[in-house]
């Protein structure tokens, strides 16, 4: 299939990883096409708050590369390989798409705040010292170069890459490896997913 997204090719994954993911995908989704509802079930994301639900929908849409309303196996592998193995700039491009809820090519303060709150509901960071509001203010004060209250893709990528604290915090807050680990290990991490759902509810 070649480059599926932003220069990230499925060929970079080991055959063992692909086989594991394919087996899990086809077990959970025999049709080969994951709907939003199945996506929630697949990751154990149930009983979420409205903002967390919006984040999950946005994540689904960014994984649905061809915008047909389904995630097929190739989109699924491309998304997971990006999250697990993607280079920093590739991940930042994906984060930007995730934050840009209305799809206008810019992230405003409300969009960022909403997504940060939703991410924390699903995947709480134990070492977070700032509230979601404080973190949003920090991001804008540090990387909104022209002060227009919106972040362009260029401002976002350049600003975050220049600031190790922001890069570390964003990477941690979007660390889906716990959820992905559950996928790879079957249901062993169900308890963690249930805790995340309770924290969000």
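Heads up, the Cβ atoms here are built off N, Cα and C, so glycines get one too.
According to Swiss-Prot, the N-myristoyl glycine annotation covers 2, on the basis of similarity to another entry. Positions annotated as deamidated asparagine by Swiss-Prot, on the basis of sequence analysis: 3. As annotated by Swiss-Prot, domain 'EF-hand 1' applies to 31-49. Residues or ranges marked as domain 'EF-hand 2' by Swiss-Prot on the basis of sequence analysis: 51-86. Annotation source Swiss-Prot lists Ca(2+) 1 binding site at 64, 66, 68, 70, 75, citing sequence analysis. Taken from Swiss-Prot, the feature domain 'EF-hand 3' applies to 87-122. Look at Swiss-Prot and you will find 131-166 tagged as domain 'EF-hand 4'. Look at Swiss-Prot and you will find 144, 146, 148, 150, 155 tagged as Ca(2+) 3 binding site.
Structure with Swiss-Prot features highlighted.
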residue	record	Cβ within 10 Å
64	Ca(2+) 1 binding site	19
66	Ca(2+) 1 binding site	10
68	Ca(2+) 1 binding site	10
70	Ca(2+) 1 binding site	18
75	Ca(2+) 1 binding site	19
144	Ca(2+) 3 binding site	19
146	Ca(2+) 3 binding site	9
148	Ca(2+) 3 binding site	11
150	Ca(2+) 3 binding site	18
155	Ca(2+) 3 binding site	19
Shell of the Ca(2+) 1 site beyond 64, 66, 68, 70, 75, same chain only (C-beta within 8 angstroms of their C-beta centre): 33, 63, 65, 67, 69, 71, 72
Three-state secondary structure, residue 70 (Ca(2+) 1 binding site) (per DSSP): coil
Could you state the CA-to-CA distance between residue 155 (Ca(2+) 3 binding site) and residue 64 (Ca(2+) 1 binding site) to the nearest Å? 25
Cα distance, residue 70 (Ca(2+) 1 binding site) to residue 148 (Ca(2+) 3 binding site), nearest Å? 36
Of the binding-site residues 144, 146, 150, which one has its Cα closest to the Cα of residue 64 (Ca(2+) 1 binding site)? 150
From 66, 68, 70, 75, the binding-site residues whose CA lies within 10 Å of that of residue 146 (Ca(2+) 3 binding site): none
If I take the Cα of residue 150 (Ca(2+) 3 binding site) as reference, which of the binding-site residues 66, 68, 75 has the closest Cα? 66
Neighbourhood of the Ca(2+) 3 site (144, 146, 148, 150, 155): other residues with Cβ within 8 Å of the Cβ centroid, in order? 106, 145, 147, 149, 151, 152
Could you put numbers on the helix, strand and coil content of the domain 'EF-hand 3' (87-122), residue by residue per DSSP? 26 helix, 3 strand, 7 coil
Mean pLDDT, the domain 'EF-hand 3' (87-122)? 86
Could you put numbers on the helix, strand and coil content of the domain 'EF-hand 1' (31-49), residue by residue per DSSP? 7 helix, 2 strand, 10 coil
